[in-house]
Amino acid sequence: MPTFDQALRKAGEFGRFQRRVFLLLCLTGVTFAFLFVGVVFLGSQPDYYWCRGPRATALAERCAWSPEEEWNLTTPELHVPAERRGQGHCHRYLLEDTNTSSELSCDPLAAFPNRSAPLVPCSGDWRYVETHSTIVSQFDLVCGNAWMLDLTQAILNLGFLAGAFTLGYAADRYGRLIVYLISCFGVGITGVVVAFAPNFSVFVIFRFLQGVFGKGAWMTCFVIVTEIVGSKQRRIVGIVIQMFFTLGIIILPGIAYFTPSWQGIQLAISLPSFLFLLYYWVVPESPRWLITRKQGEKALQILRRVAKCNGKHLSSNYSEITVTDEEVSNPSCLDLVRTPQMRKCTLILMFAWFTSAVVYQGLVMRLGLIGGNLYMDFFISGLVELPGALLILLTIERLGRRLPFAASNIVAGVSCLVTAFLPEGIPWLRTTVATLGRLGITMAFEIVYLVNSELYPTTLRNFGVSLCSGLCDFGGIIAPFLLFRLAAIWLELPLIIFGILASVCGGLVMLLPETKGIALPETVEDVEKLGSSQLHQCGRKKKTQVSTSNV
């Protein structure tokens, strides 16, 4: 009985049918990027903020103060460098105790010796000066509530983590396409609710749900794309689909610039997902999944459609097709750590996923804290990511996996450390070094997808990659707290943490086995032999392309 891969070769492994489906599903990567990094614009800090007391409110109305005058006359001098974004006060002058005669004056500080009034903490009635409204001004996420901005991104990543396990399981049980469509619908609906959330609690709850559905849509589209093409094309399509994620990062600042409110940005992030529901009529269910669920006839119908569109013919000999037993096995968590080599690979890969997420998200969100043109800086940082995919394609088949993987992490780590200590008087050098760091961590993020799938045997590949990549979402939960809370102490402190993490990761990945030119391991025993020189010598004669289909 022929296997699915044999039938796919007859129908065409990457013909017109697959290219059309591939292009359509790649657009999901664009919208997922909007969701993944949208907090930079949704939660951008206002230019200035302060709070009003009862007396200041009356004076502002009677004296017709401008916002700048109110800022200067009712709040203490702020000793913050002018180039820092988001200047604000967490205290105000206590003006309520002034005498009656001073109430007639439009200079409330004149009643105090040395024009120095007592200070009290702000308790509400916040005022903002900003060019675009954000969730910070909508929900007063400043001063004592500043940590709640960190929470919004952490909750989104918690949704990603929940979606990876719940919808990942659902996609294996009920089908890739149905879960993809439900996820796209969920992203749209929850996104609209987020845009019109009446309070912060509703905002956070539905942002979590949008994260669940967003991860489900991204994960299942990735799987459908890689399961419908031949094994030789999986490595390339796995990298190219991530380039569409980068395309989303490049497009997002343009949307944010021309959209005056955070609600508009949120709708722009969410509404395109409804268009993906039209894929019901053009994107098929994964035939490979259908076979594992003993629906071979439906899989054959799809393969005949593929063959017809590709200008090929699937002969009557392919009346039944099957998959290998490994593709329907039931793995266990213990299998990932039971043996020495598997244990080493699992722990290092988990750390690599965690580091990639923390450093990547940290560098992206940091753009919202530093000075300069946020929109242009974000756009340029997205452009920087594009060469990363090209460098990966050029190096991994020549230099192997370990060296580019380690080098990209070390470049990212060293760049972060150097940027932290460069003087601000040479911005061009800081920008250049920071750009190298962004390029390095982007490459590391993309390579870990590939290496993870190569190092696990067929019996554990789906489960193992899903479990390890869960550390990516956990890193995303940690990243905003790590960035914003440490930046409040010293703006460059997060860069030092990022630099240490990435540098350590670069050293650890050199301990992984090299898999260039090595056949994909089929069993745990194959993985245990990867470190032996005998297998490496055999591997030079036997080359197999790598599947990244289940990230």
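Every residue gets a Cβ built from N, Cα and C, even glycine.
If you draw a 10 Å sphere around the CB of Asn72 (N-linked glycosylation site), it holds 12 other CB atoms from the protein chains shown. Annotation comment: Swiss-Prot describes Asn72 (among others) as N-linked glycosylation site, evidence class sequence analysis.
The N-linked glycosylation site annotation in Swiss-Prot covers Asn99 (among others) and rests on sequence analysis.
When Cβ atoms from all protein chains are considered, those within 10 Å of Asn114 (N-linked glycosylation site) total 6, not counting its own. Per Swiss-Prot, the feature N-linked glycosylation site maps to Asn114 (among others).
When secondary structure is read from DSSP and collapsed to three states, Asn199 (N-linked glycosylation site) falls in the coil class. Residues or ranges marked as N-linked glycosylation site in Swiss-Prot (evidence: sequence analysis): Asn199 (among others).
According to Swiss-Prot, the feature N-linked glycosylation site maps to Asn317 (among others), an assignment based on sequence analysis.
In the predicted model, the motif 'Proline-rich sequence' (284-288) has a mean pLDDT of 88. Residues annotated as motif 'Proline-rich sequence' in Swiss-Prot, with similarity to another entry given as evidence: 284-288.
Swiss-Prot lists 21-41 (among others) with the feature transmembrane segment.
What Swiss-Prot records for 177-197 (among others) is transmembrane segment, and it gives sequence analysis as the kind of evidence.
Through the fold, the transmembrane segment (236-256) approaches residues 14, 22, 25-34, 36-38, 41, 132, 221-222, 225-226, 229, 265, 268, 364, 374-376, 378-379, 381-383, 385-386, 388-389, 392-393, 442, 446, 449-450, 548-549, 551 of its own chain, all at least 6 residues removed from its boundaries and within a Cβ separation under 8 Å. What Swiss-Prot records for 236-256 (among others) is transmembrane segment, and it gives sequence analysis as the kind of evidence.
Summarising the annotation, Swiss-Prot assigns transmembrane segment to 264-284 (among others) and lists sequence analysis as the type of evidence.
Per Swiss-Prot, the feature transmembrane segment maps to 376-396 (among others); the stated evidence is sequence analysis. Residues 40, 236, 239-240, 242-243, 246-247, 249-250, 252-254, 363-364, 367, 370, 403-404, 435, 438-439, 442-443, 446-447, 450, 516 of the same chain lie 6 or more positions beyond the ends of the transmembrane segment (376-396) yet place their CB under 8 Å from a CB of it.
Residues or ranges marked as transmembrane segment by Swiss-Prot on the basis of sequence analysis: 463-483 (among others).
Under the heading transmembrane segment, Swiss-Prot lists 493-513 (among others), citing sequence analysis as support.
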How many neighbouring Cβ atoms, not counting its own, are there within 10 Å of the Cβ of Asn199 (N-linked glycosylation site)? 9
Could you state the CA-to-CA distance between Asn72 (N-linked glycosylation site) and Asn199 (N-linked glycosylation site) to the nearest Å? 31
Summarise the motif 'Proline-rich sequence' (284-288) by DSSP state, stating how many residues are helix, strand and coil. 2 helix, 0 strand, 3 coil
